[in-house]
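Taken from Swiss-Prot, the feature disulfide bond applies to Cys104-Cys115, Cys154-Cys162, Cys164-Cys182, Cys238-Cys252, Cys240-Cys247, Cys309-Cys340, Cys325-Cys335, Cys339-Cys379, Cys355-Cys370, Cys357-Cys367, Cys362-Cys363. The N-linked glycosylation site annotation in Swiss-Prot covers Asn114, Asn120, Asn312, Asn326. The O-palmitoleoyl serine feature in Swiss-Prot is assigned to Ser244; the stated evidence is similarity to another entry. According to Swiss-Prot, the feature signal peptide maps to 1-35, an assignment based on sequence analysis.
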Amino acid sequence: MKKSIGILSPGVALGMAGSAMSSKFFLVALAIFFSFAQVVIEANSWWSLGMNNPVQMSEVYIIGAQPLCSQLAGLSQGQKKLCHLYQDHMQYIGEGAKTGIKECQYQFRHRRWNCSTVDNTSVFGRVMQIGSRETAFTYAVSAAGVVNAMSRACREGELSTCGCSRAARPKDLPRDWLWGGCGDNIDYGYRFAKEFVDARERERIHAKGSYESARILMNLHNNEAGRRTVYNLADVACKCHGVSGSCSLKTCWLQLADFRKVGDALKEKYDSAAAMRLNSRGKLVQVNSRFNSPTTQDLVYIDPSPDYCVRNESTGSLGTQGRLCNKTSEGMDGCELMCCGRGYDQFKTVQTERCHCKFHWCCYVKCKKCTEIVDQFVCK
């Protein structure tokens with residue numbers, strides 16, 4: 001299915017009278033949360049909008065027209081401007097960031113680096129200052145999360161500047177099937193995510209050929225890879241109509257893929273990520289020219305990964321001491337690899353689970369609680 005990608009014009013919202021009050025409540029609460037958080041900030045990031053949801057205020061009366069975008073930690077100047085223009089979008093930027101963070105932690109739950117977050121607005125700590133393949137994945141999955149959240153918010157009528165998808169009818173859709181319904185607006189989600197997420201990188205100016213300029217190019221590439229993964233995995237969904245489920249007629253629409261599928265695809269890209277360097281013209285090129293050049297959907301990195309085996313404040317590595325491991329596994333979650341050869345401790349723990357469940361007419365399921373003593377293994 002062919003999908004078109006356009007360019008967002010922030011001026012679309014200038015003529016709007018204002019966004020919904022609920023979005024203002026969200027922004028005010030978020031600003032209050034960060035203003036009282038006493039933390040050491042190493043490097044602000046918009047990812048912080050996905051951390052620690054502020055207290056929901058059901059009835060707040062705000063005097064004044066503008067939300068407190070300028071007080072939100074983690075936003076660049078360009079992102080703050082977009083915040084002012086699109087007040088009702090910010091809640092879904094936060095939801096997208098949260099979705100990306102959770103997916104990162106799921107995908108790396110059995111790895112030495114498990115996408116741990118820290119208690120400040122850098123979210124992932126100093127480890128993101130290294131242009132590693134882990135950083136590449138994090139940028140990609142976070143950008144993907146924003147596309148996902150924005151596209152769905154449009155479909156659900158939560159935003160003032162978009163609605164259901166207007167994607168063209170696929171050419172391979174049978175003629176007697178209707179193209180309609182209310183699909184996820186992936187075009188809009190893609191465009192706004194690109195405008196917002198890339199704003200910080202595009203504002204940064206560094207000398208041509210510098211390490212900082214290489215990081216900007218790396219970040220922009222991986223942001224795009226995340227967005228395109230969501231875009232390309234979207235597919236047609238259909239609903240049958242007809243007497244007694246005969247499905248004599250179908251209505252179809254464009255639908256986002258489950259985000260786990262996006263995470264799985266990006267994890268595969270992480271495993272095959274391309275090592276890059278800056279050439280004399282200030283462009284990223286592959287370190288090993290024998291391989292095919294990475295596409296816009298591949299992940300790229302410029303630094304080797306730090307040693308995640310031991311705690312290191314300078315690199316942000318938390319180490320693997322105290323991590324649970326699987327004694328019988330030969331994979332990355334196995335005690336030999338997870339514990340980096342340091343060995344492991346064994347202890348017993350009591351687990352309680354539902355068991356012996358029975359269906360009773362009508363209509364409920366009744367279960368017993370079973371306890372079991374199990375062995376667990378923890379890295380030294």
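Yeah, the Cβs are placed from backbone N, Cα and C, and that goes for glycine too.
Among the disulfide-bonded residues listed (Cys309, Cys325, Cys355), Cys355 has its Cα nearest to the Cα of Cys252 (disulfide bond). If you measure from the Cα atom of Asn120 (N-linked glycosylation site) to that of Asn312 (N-linked glycosylation site), you get 17 Å. Note: the CA-CA distance between Cys363 (disulfide bond) and Cys379 (disulfide bond) rounds to 46 Å.
According to DSSP, Cys357 (disulfide bond) is assigned to a strand segment. Checked against Cys379 (disulfide bond), the recorded positions Asn312, Cys325, Cys355, Cys362 differ in C-alpha distance, with Cys325 being the nearest.
With Cys115 (disulfide bond) as the anchor, the candidate disulfide-bonded residues are Cys162, Cys335, Cys362, and the one with the nearest CA is Cys335. Closest in space to Cys362 (disulfide bond), of the recorded positions given as Cys247, Cys309, Asn326, is Cys247, taking the CA atom of each residue.
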